[in-house]
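Have a look at the structure below, then the notes.
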Amino acid sequence: LANSAKSQLSIAYYASSCPQAEGIVRSTVQSHFNSDPTIAPGLLRLHFHDCFVQGCDASILISGTSSERTAFTNVGLKGFDVIDDAKAQVESVCPGVVSCADILALAARDSVDLTGGPNWGVPLGRLDGKRSSASDAVNLPSPLESIAVHRQKFADKGLNDHDLVTLVGAHTIGQTDCRFFQYRLYNFTPTGNADPSINQPNIAQLQTLCPKNGNGLTKVALDRDSRTKFDVNFFKNIRDGNAVLESDQRLWGDDATQAIVQNYAGNLRGLFGVRFNFDFPKAMVKMSGIGVKSGSDGEVRKMCSKFN
């Protein structure tokens, strides 16, 4: 059933029913991006967190005391207001036609494009799911987990090692809180030292940004020196021991994922990023087909934050 629903997705899905949909989503994302560029990584992350739980069905957008977005692993997600804004504008033109799940997939693509990354056609036709529970969010990969655990979580969604490394490349834009990696800087080893996989000069820099007794809420770029540009600098950081999250740095400690990181990091001037820019859209299209809802399994919500 899932494969059947996925095969029904089409880039031209709204060509006759709501041809303005993509343009409205794009202009909405652009407007929010112009006033707050951090919305781009926010929307990209929102799409990923949606797809990895109940599938790409906008379950992450439901508000409520025990809904998916309240789970600890979803702390700090942003972009809900952008999707709500786009949905309201689309509804005013084509009521009851365009799903929130499709709007989220389009907004993620537009976010990559606006930050200098590749553009691609987004297959559309998802329905919005009818379930959203915080307890389901355990499916999400955690920065504390090993590559083996991440590999299994991605495999459970039909994604391989190549997809894993490519999709983690979304960290080329965005930031995280000190609290999610601070443990790497202080008493990581039994002898009280920092994580030895961190490049030595980078330790001092990160410790300055995240003091030992700080509140842990300070934002730190996941891709130092290139936080707002969608590029391959992130993979060079992994290669050089400058990744912020432990799970990102661990990609260099596994033979299979290291080879992919090395390919993306490049070593020939002029070829940086070519392969990544080609692979990322393919991985995103593959991911955006996870658990697609169709028929009685889904609906087109009137408002993205609540079920019909």
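Note: Cβ is positioned from N, Cα and C throughout, glycine not excepted.
Per TrEMBL, active site, proton acceptor is recorded for His49. Proximity of His49 (active site, proton acceptor) to non-local residues of its own chain (separation of 6 or more, Cβ distance below 8 Å) is seen for Ile60, Thr73, Asn74, Leu77, Ala137, Leu140, given in sequence order.
Taken from TrEMBL, the feature heme b binding site covers His171.
Per TrEMBL, the feature Ca(2+) 2 binding site maps to Thr172, Asp223, Asp231. Using a 10 Å Cβ-Cβ cutoff, Asp223 (Ca(2+) 2 binding site) registers 28 neighbours.
Just so you know, the Cβ of Cys94 (disulfide bond) picks up 16 other Cβ atoms within 10 Å once every protein chain is counted. Look at TrEMBL and you will find Cys18-Cys94 (among others) tagged as disulfide bond.
Within its own chain, Cys51 (disulfide bond) has Lys157, Met287, Ser288, Ile290, Gly291 as residues 6 or more apart in sequence whose C-beta sits under 8 angstroms from its own. As annotated by TrEMBL, disulfide bond applies to Cys51-Cys56 (among others).
Sequence-distant neighbours of Cys304 (disulfide bond) (same chain, 6+ apart, CB under 8 A from its CB) are Ala58, Leu61, Phe80, Ile83, Asp84, Lys87, Cys100, Ile103, Asp128. The disulfide bond feature in TrEMBL is assigned to Cys100-Cys304 (among others).
Within 10 Å of the Cβ of Cys178 (disulfide bond) there are 19 other Cβ atoms, across all protein chains. Annotation source TrEMBL lists disulfide bond at Cys178-Cys210 (among others).
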(message) Centre the Cβ atoms of Thr172, Asp223, Asp231, go out 8 Å, and tell me which other residues of that chain have a Cβ in range of the Ca(2+) 2 site.
(response) Gly169, His171, Ile173, Ser226, Arg227, Lys229, Phe230, Val232, Asn233, Phe234
(request) Between Asp231 (Ca(2+) 2 binding site) and His171 (heme b binding site), find the distance joining the two CA atoms and give it rounded to the nearest Å. (result) 10
(request) Count, for each of the disulfide-bonded residues Cys56, Cys210, the other C-beta atoms lying within 10 angstroms of its own C-beta, and report the residue with the smallest count. (result) Cys210
(message) I need the least crowded one of these recorded positions (Cys18, Cys100, His171, Thr172), counting other C-beta atoms within 10 angstroms of each C-beta.
(response) Cys18
(message) Going by Cα-Cα distance, which of the recorded positions (Cys56, Cys94, His171, Cys178, Cys210) sits nearest to Asp223 (Ca(2+) 2 binding site)?
(response) His171
